[in-house]
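Listed in Swiss-Prot for this protein:
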- 56, 132, 157, 187, 191: substrate binding site (BINDING)
- 158-160, 192, 221-226, 244, 300-302, 347: NAD(+) binding site (BINDING)
């Protein structure tokens, strides 16, 4: 009998996951178009991709796209709460080694990543990394440096992971070429902005059933994620206060009509708090002590360092688990704090993450990055690179038909006047969308 080469919560959920996966495919035109374009040429043949990214239904479509293009794939989730167990089961049932389930411990999380390094069907180790947050990249560099010699490249999904890549490269610790997928326009301006715009409120409402209209919401950070969250909360009728360290982002927030102040001032008024910064220690003990009764506190940044959950656990008189990922802490001053997803990603811990369509944009970039690194590694020396503007525009183009968009075509006269090709790229690399 063959050895079981996966660990998921319940493999019997595979049929349920497959049904949702089929619905998601219809909402992910970019990935399906890439399959159709490259299925015959098999550009990822020989690639052994270890992926560490939220094991959701949308990620399942990404995994099956990589396999359709010739890759061997193993998978773990980049967050202990973000796995959708029916999605993990659906992929494991196809023979892809998946090590992920919702509610892993920290030890189990690292175990899952370790397992995927040596679980490829061919018996050979990984030679490509597809990462979200940088944990897989860091683990291979720190614990398994002997594997780095055969790894052709890394593609990184999120802001936090990209920050770590640039830091590693600056400190001469990065040993493999990497592509920054996060800062592709069709990722950052869509996934980070429009995705958070829908999934943040979904997570808060599923967790608490709270009425957002009329509340005061505090959003820490006004980058693309913060912009999406602030706009979303305002659209629900909340009065939104923004905190920022960057004067440019602060000015943007103010001119968008948001009040901008410090967290020390905002805690006196806020009832819903959302951290979006990618930085640590944004909401600390002194802030909790000033919050109103039953303030809702959550994070939508990648790691769980933005909210000082350790202080909350150490200093609370009592804690009651209301339901999965919803805990009510009683402080020594008698007031209560409602913490969502233990300070981790609220949209994935308390809901199902971003909608399929916007994830198709992000994941199409991931596939193109993997193809570029695998087939053309001479164009990507050691460092952190961006995908060419032409590919960024192609990702957008693949999603227009689904929305019924009709694109205008430049005339030859207009093309000459602007000095750009009729078929693009249409903007310089330094253009800010």
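Positions of Cβ are set from backbone N, Cα and C atoms, glycine also.
Within 10 Å of the Cβ of residue 225 (NAD(+) binding site) there are 28 other Cβ atoms, across all protein chains. Straight-line distance linking the Cα atoms of residue 223 (NAD(+) binding site) and residue 56 (substrate binding site), rounded to a whole number, equals 25 Å. Residue 347 (NAD(+) binding site): 27 other CB atoms within 10 A of its CB, across all protein chains.
Straight-line distance linking the Cα atoms of residue 347 (NAD(+) binding site) and residue 132 (substrate binding site), rounded to a whole number, equals 15 Å.
A gap of 8 Å separates the Cα atoms of residue 160 (NAD(+) binding site) and residue 132 (substrate binding site). Considering only the binding-site residues 221, 225, 244, 301, the residue whose Cα is spatially closest to the Cα of residue 132 (substrate binding site) is 301.
Cβ neighbour count for residue 244 (NAD(+) binding site) (all protein chains, 10 Å cutoff from its Cβ): 23. For the pair formed by residue 158 (NAD(+) binding site) and residue 187 (substrate binding site), distance between Cα atoms is given as 9 Å, rounded to the nearest Å. Its own atom aside, the Cβ of residue 187 (substrate binding site) has 29 Cβ atoms within 10 angstroms in the protein chains shown. By the criterion of other Cβ atoms within 10 Å of the residue's own Cβ, the least surrounded of the binding-site residues 56, 158, 160 is 160. Residues near residue 221 (NAD(+) binding site) in space but far in sequence (CB under 8 A, at least 6 apart, same chain), listed by position: 242, 243, 244, 249, 275, 276, 277, 278, 279, 282, 301. Following the DSSP three-state reduction, the secondary structure of residue 187 (substrate binding site) is helix.
For the binding-site residues listed here (223, 301), the lowest count of other CB atoms within 10 A around the CB belongs to 223.
Looking at the residues that bind substrate per the record, 56, 132, 157, 187, 191, the two CA atoms farthest apart are separated by 17 Å.
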